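For reference, the structure is listed below as structure tokens.
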Amino acid sequence: MDQSTPKPHAETNSKDIWHPGERCLAPSPDNEKLCEASIKSITVDENGKSFAVILYSNFQERRVPLKRLQEVKSVKDCSRNFIFDDEDLEKPYFPDRKFPSSAVPFQLSENGDSIPYTINRYLRDYQREGAQFLYGHFIQGRGCILGDDMGLGKTVQVISFLAAVLGKKGTREDIENNMPEFLLRNMKKDPPSTAKKMFLIVAPLSVLYNWKDELDTWGYFRVTILHGNKKDSELIRVKQRKCEIALTTYETLRLCLDELNSLEWSAVIVDEAHRIKNPKARVTEIMKALRCNVRIGLTGTILQNNMKELWCVMDWAVPGLLGSRIHFKKQFSDPVEHGQRHTATKRELATGRKAMQRLARKMSGWFLRRTKTLIKDQLPKKEDRMVYCSLTDFQKAVYQTVLETEDVSLILQSSEPCTCNSGQKRRNCCYKTNSQGETVKTLYFSYLAVLQKVANHVALLQTASTSRQQETLIKRICDQVFSRFPDFVQKSKDAAFETLSDPKYSGKMKVLQQLLNHCRKNKDKVLLFSFSTKLLDVLQQYCMASGLDYRRLDGSTKSEERIKIVKEFNSTQDVNICLVSTMAGGLGLNFVGANVVVLFDPTWNPANDLQAIDRAYRIGQCRDVKVLRLISLGTVEEIMYLRQVYKQQLHCVVVGSENAKRYFEAVQGSKEHQGELFGVYNLFKLRSQGSCLTRDILEREGKVEAGIMTATTWLKEEPPVHKLETAREPDCREHRGPEQLAEAACDLCSDFSEDETASNSVTKTVKNKASDSSRASVSPGQFSLLQCGFSKLFETKCETVEDGDENIASDNESSDEQPTCFSTEAKNAGCQKSQDSLGTLKHQKLANVLNPNGKCVFEKSEKILKENIPSESDDEKNFKNTVDHHHILQNVTESEDSDIIFPTQYTTQRFLKKNIRFKPPVDGSEDSESENPVNIKNNGDDTKTNVRGNGLISKQLNLEIETLKSNTKRKGGSDISDESDDIEVFCKSRVRKQRATSSLRFKRKKENKRELYTFPKTMKKANQQCATDEDCNSQTIDDFSSSDDNLSVGHISFSKQNHRPKTIKDKISVSSKLTNHKRNSTFIPRKPMKFSNESVVNQNRICESMDKFLDGVQEVAYIHSNQNVIGSSKAENHMSRWAARDVFELKQFSQLPANIAVCTSKTHKEKMKGDISTRTKECQPLSEGSISFPLYISHPVSQKKKKVCRIDQTTFIIGETPKGIRRKQFEEMASYFKLSSVKEFAKRVTNATSEERQKMLRDFYTSQYPEVREFFVDSPSECTKSASEKGERVENKSEKRQSLMKEQPSDSETLSFKNSTKKISPIFSPSICKKKSIKFQNHSSCKKKVLSNDVETKKLPISCTQETDGGERSQASEGTAASCSLNSKSGADELGKLENAGKGQQDLTSLGISRNGPIFQVENKTIENPVLEDTSVVGLLGDTSILDDLFKSHENSPTQLPKKVLSGSIEKAKQRPKDFWDILNDQNDDSLSKLTDLAVIETLCEKVPFAASSKRKEDLEASLWKSNEKFLWKKFNSSDTDESTANTQE
């Protein structure tokens, strides 16, 4: 029934005679309920039945039989006790709201207590659950805490509980029951027989009357307020039990404690229970003195500062639940807080997490908390950003002057030993007070307030109405400070109003001035919060001076005036700004008309700021809300914000039982761990040079998270056999230099340098440029959070193309001299670290990422390009290629400082749309002046352009391309979901992390979409363009989404070298200096990047956004999103699990830093070794298809093919089949080959040879599509080898590689890249290349530099080989993981082809090509003979494999000295220091004479990467010099080496 329509009273019998115009009760046309209407006319039908035409109140007419009409009875004739029907008097009554649920009571117990249906129909499920929780504890006579987030309706839940307990019905019955007894007797109705219950509700005064209003709204409660003048009379009524609920304040409770204790309360309900947080406070003592067992606390922030507060609140509600305070501190508080340190050891972290879980279990039955995620679907989007504003020069001078005062010096030295040698601290001995007699503690708070004022606006120091206590102090400070600035003093005297409102005296005011102008243009309505009313005065005067129509609300505003202000602001368009005091406007106000919230200054308590934000961000808000928190850079305000983060993270751990991210080294209250946050030295300090402590801390955590997440995903990607050596994780990092390893070993605990952080974050353009050179000093290869996109800190869902465009641009922007795709690629290759190159995107798989020096030769096939993108111009295609590649590499090469990098889940479709064939340069150069020409050919016109660029660029490009190709291969076999097929490069990072994250936007895109397609003809032009964009957009923030799972942000690492301008044509040939193995690969991506008109429109919108606007504000130094700073992360979850396992289960690594991932127990490793050994013996030919574990293939894949072919209207995608289709086709294959189950078919595939698998694929696919038979054409017969021989050779190579890995920790990088290059060497016949068959043997295990052709080598024991290989892969993880996966659709198919082509490759590798050997120029349609060129190298140098130990280490180095090229076609690699090979290849006496210089020799040897231990390092150096005894010409016996390798491995 429509509740808004009262039900008139009618007689039981209908009236006999009706007349037109009479009032009557007629059935409603909507629901047939009787409602009042009038008779318009009366008619009789042909059957003699009488009908009345009824006119309803809504002017509807209806023909109704007269018999159905009833007479309206006057109210005066009704009996006294039936004045209204139940439905008329129901509470709550919301006429404009529909009932969310059915009108039935909610049973709380079997004895009949229930929430009345009048209330229940408006409740949400979680609110019913909360009422049930309260009722359960009430019945059992014990207390509890309801800790729901703000805005979830704790008040309504309590009222529902009270209604159930008090037996309320929400109808007329409650009215009658509330009547005095004498009236009930007159009505001949017995009073209720149930015992009367009384409840006491204690609330802050600010919400006391709000409770009264809510109780009156939701039910018929007899409520009295014990406060103010009437509290004595009301107290008498309470003693007479004439009320059911008594409302009072904390202060009144203190005054009337004895009277209230004399009463018997059914329960005490305390709102804002976090006020009971200090055990020594008077309010806590009063609350604990209340005589009531059922104590119910309501608080959304039970822990605001430290865990002691939590204990205090819980101990009040449930005395003794958490033990004594000392017990709680020892068992819970200390372990949790110390385990939350960024530098915590595994034991500290594991102990802290275990204590967290124990605490959660203890509190679970007594504490109920839900968060706003329950109602997120009813809330709009919220963007929360921290805006760091630079101080003006005047502010800096004043701030520094305050810090240099004698009083501040007294504060800073107060904890030092007294000069009188008494052994006491200065503040307790001779320096208790200053010259004015003020104690150090008083000075501490006074000067802290002064610094806060200066950080906001210098004019605040001269404002009147200062408290008497500080008046003298402030005057003295002003005299001392402003004595240096007489102009300011004089001006403020002459024109105080102008001075206060002039933004030039405040960096924040400058930002606010432009922000308000921007909001006024966009018709945004702004809520401007400030904690200080004096600051509100300044802001008010500024609004007056600017002619802004504003409203102001603070503590002095009367309650009725508040309602008027809120209504005017929400409804009036002209009023677009409201100045609100943070404390006064924090509760009970509904500013849903505002869509921009500006917090001008932070508070120490995060709850205050959150309450202020919730004034606009709440149910009822229709627009997306933007929250901007202004922070003065480098001042005490930054410490205030970071302490908020510290407290919120601690709250997440203790209250939310989350593995909260560990940002800080500090522990509150600990003298030993004051870290970055606590102690007077952190507060009374001005960070200069524009450095941002917040950025440093967030980036530090981000780098650790990136390493951990890549380590985690790597371990997932690797089959368990590969995890056998995971405990040797330092070996994984040995490929980095000693500095990097030391940094990783200390868990990245130290703050990074300002230069480094400047380049890691999105700062202003000037800072970025300044940091470019310093960035190169960072050891390459370590990746930050941004590059892998793992931390919730900065990233979110990647949705729009426009973000991708921006990231592309930001990539270009990030290197001053390399705007093309080489910039990022080069960086990664220059890293030359297995882990680092590995630590690419989360979306990539780990193929040959570990191959830092690999020669990847990318072959572009014109034919394939035409098939894939026939309609696009060459320029467009080329731009897409470079852009797509650039996108991926942006993330791959993110940061050079990450902790552990093991990438996984790489994808490829966004890679180069055109196959670009890259040849690594022959030499590297450390000298930025020396350049190597990079041959870039355009297939279309056969023009060849020499591009000047650092070898590091080309080398990294090779590495990255190799990585992506092998990642593509990896993808085939591992069951990565289809979502990972697309590399989400459109990272919406709101964090202004590195210049990569700055998401440089192509501004020209707005005017001409074509420019996005057209890549600059020369790199120089691109540099100019990027520089322009960088200047304008270095701080642009992308749209942010608060998703925790979709995290990927680009991060650019910078190089010291000046990257020369490059020209990009359709075909790019890049050379890189390599070791013996060379690889050839041709790669075709699935998807080009699309720049649509829609993306241009979106781009235009973003350009007009507030983010774009803020980016152009000069005073904005840094912006980061606050969206995902608070809370846990997947990386932290992994670290916590690993720590708990290592400490409590495996009893190992307990003192290692928790941020180091050491995995897998020894017993597990031995078990897995045994399993693998047994299985490999069974599957004697180590075929690529043999799969030992779900999702993974146990042995290296010899090759993987990625290909897209189009025949007529059908497109065949080879090697990139989506996961779901692969699974389906695998099942179809099982049926096709008449096998009983998929498992049986899998075993058959596992045991089959390469030819057999290829035949199976051919038979299956040709049965459905005969035209694909041509895809299975074998390579020339002379190259054919049996699959089993291939498999054995893979084992040998794996074993040799393993031995090298064990002896030489740093060799894994060089070998890994050699692995890729060997397999990609251009050995294939031209005919194969022309057919676009993508051939590369991705033997990730073939890291051995010299692979003999002897048959004996091929016949080594498989089990032994696999064992060594497994251990090797676990460390390096390079190509193995990627090569380990075989696409069930195309893996075997391509395997056969490439194995046939492998014989020539084997001949090539058996020659032992040196790392400096010439690189072969391979054109698109002409293949030079690499064997001939290789022979020339052998003729010059002979078998150089014996020097592998000596020269391997320098492949890890980021740079190379220049050296001469042996032939014109050879190109140099740069960014790598010179080693012996470089000197030998320099055919001049000067270079060779360097070998006689002992200093040069020592320098070369010192560049060996820091090993996992000093012992390993000594062994390494010893092996280097011992290897020289054999020198160049001694032949290498592969079988002997394999045996020695195995022994070394043992």
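Keep in mind that glycine also has a Cβ here, set from the backbone N, Cα and C atoms.
According to Swiss-Prot, the feature region 'Disordered' maps to residues 1361-1382, out of the candidate ranges 877-898, 1361-1382, 1449-1470.
Your range for motif 'DEAH box', going by Swiss-Prot and the list 271-274, 1039-1042, 1223-1226, 1487-1490, is 271-274. For the binding-site residues GLY151, GLY153, counting C-beta atoms within 10 A of each C-beta gives the highest total at GLY153. Around ASP149 (ATP binding site), the same-chain residues at least 6 positions away in sequence with a Cβ under 8 Å from its Cβ are GLY300, ARG369, ARG370, THR371, LYS372.
Counting only same-chain residues at least 6 apart in sequence, those with a Cβ under 8 Å from the Cβ of LYS154 (ATP binding site) are GLY130, LEU146, ASP148, ASP271, LEU298, GLY300. Between the binding-site residues MET150, LEU152, the minimum number of other C-beta atoms within 10 Å of a residue's C-beta occurs at MET150. Other residues of the same chain near the ATP site, with their Cβ within 8 Å of the Cβ centroid of ASP148, ASP149, MET150, GLY151, LEU152, GLY153, LYS154, THR155, are GLY300. The average pLDDT computed for the motif 'Atypical PIP-box' (780-791) is 40. Taking the Cβ of THR155 (ATP binding site) as reference, residues of its chain lying under 8 Å away and at least six apart in sequence are, in sequence order, ASN210, TRP211, GLU214, ASP271, LEU298. Taken residue by residue with DSSP, LYS154 (ATP binding site) is part of a helix.
Across the motif 'DEAH box' (271-274), DSSP helix (H, G, I), strand (E, B) and coil residues number 2 helix, 1 strand, 1 coil.
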